[in-house]
Structure formats: C-alpha cells, structure tokens
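Annotated features, as they stand in TrEMBL:
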- N9: site 'Discriminates between blocked and unblocked aminoacyl-tRNA' (SITE)
- Y14, Y61, N63, N107: tRNA binding site (BINDING)
- H19: active site, proton acceptor (ACT_SITE)
- D86: site 'Stabilizes the basic form of H active site to accept a proton' (SITE)
Amino acid sequence: MTLLVGLGNPTLRYAHTRHNAGFDILDSLVSELNLSFAFSPKHNAYLCVYKDFILLKPQTYMNLSGESVLSAKNFYKPKELLIVHDDLDLPLGVVRFKKGGGNGGHNGLKSIDLLCSNSYYRLRVGISKGIGVIEHVLSKFHKNEEPLKNAVFEHAKNALKFFIESHDFNAMQNRFTLKKPLQIES
C-alpha cells in the first residue's frame, strides 16, 4: 500500500493558491478516475482509496500537515509515502522528483519530517519565487500563468497515474521530470 499525499491549506480562502498545488493535482486525479474524497475525522483529512493507494488531503493547515500524515501512516501502515507539493525554488513549469532530503523551508514538509521522517518520495511542482514568501505562496496564479500552470498540473497528474499503474518511482522520475519549464503553445 502507498500513501499519496497532496499538500495544501483547507477552506475556500486558500483554494487554488500556489501553496495548494498538491490539493489541486490530487483533486484532478480523483476526478479523472471518477472517484471522490470522503472526510475522515480520525485523520482530519479527505481520503480516497484506489487500488492499493490511499490518497490524502490533510485538513490541518499546512504547518500541521504531519499530524494527518502520521495518523494515516500509523493506521494504514503503507510501504511507501509520496508527497505532492509546491516548490518556490523551482520555476513555474518545472516538475522534479526526489527521495528524502531537506524540506527547503516548506512548512508542510517540516511538519512531516518532524513527526514521520524525511525518508519519503516527493513530487515537486515549481511555483516560482515572488516578493514576500508568505504572500506569494498564498496568492493565486496570475492570469498569464494559468495556461502553463494548467499544463504542468496535468503533467503531474499524469505522472501520478503512471505511478499508480507501475508502482515504480524511478520510472516515473525518469519519464516525467521537467528540468526546464514545460513549453506550451500559445
């Protein structure tokens, strides 16, 4: 079993902000699979079970994401953990993967690292840097960024679909890494 976590902040105030990239990508995946999330008070998260994957969207705020992840991890005992999250150190249009490592200042990852460990897979989606970190990550994408954001979120969703079918992180990494921003036709 694999625990697949999309990071974000709950409530409509934060819907579709840069920091909610993980939520948006998991929502798109679940929608395409004709599934739905159900709220689990036990884990304070929205859950969706598909094949041998538990898809999880913590409903704590970002800084406390580790609480939901730890609860689900202790309950389901997954072999693997994959976190889908925004990364402001990567330009918009870039997707990278890694196993373990530092949290890069991402408070959701800090919480998971503190409560669980830092030995998990990551799907990192670039959101670019802006002036003022907090304001930037909690802002929505600009209208001129929307086409690229939509294309890269679709790319990330397809990477997750591949991973669900293959159970092969390295193959997903090799096939779906975007070291340079995705090129889209205008």
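A Cβ is built for glycine as well, from the same backbone N, Cα and C atoms used for every other residue.
Closest to N9 (site 'Discriminates between blocked and unblocked aminoacyl-tRNA') by Cα-Cα distance, out of the recorded positions Y61, N63, D86, N107, is Y61. Taking the centre of the Cβ atoms of Y14, Y61, N63, N107 as the tRNA site, the nearby residues of that chain (Cβ within 8 Å, site residues left out) are N9, H19, T60, M62, L64, S65, G108. Under the DSSP three-state reduction, N9 (site 'Discriminates between blocked and unblocked aminoacyl-tRNA') is assigned to coil, being neither helix nor strand. In the three-state DSSP reading, Y61 (tRNA binding site) counts as coil. In this structure, the binding-site residues Y14, Y61 were compared by how many other Cβ atoms lie within 10 Å of their Cβ, and the smallest count belongs to Y61.
Across the structure, Y14 (tRNA binding site) and D86 (site 'Stabilizes the basic form of H active site to accept a proton') place their CA atoms 14 angstrom apart.
Each of the recorded positions N9, N107 was assessed for Cβ neighbours inside 10 Å, and the highest tally belongs to N9.
Spacing of H19 (active site, proton acceptor) relative to Y61 (tRNA binding site) is 11 Å (Cα to Cα, whole number). Within 10 Å of the Cβ of N63 (tRNA binding site) there are 12 other Cβ atoms, across all protein chains.
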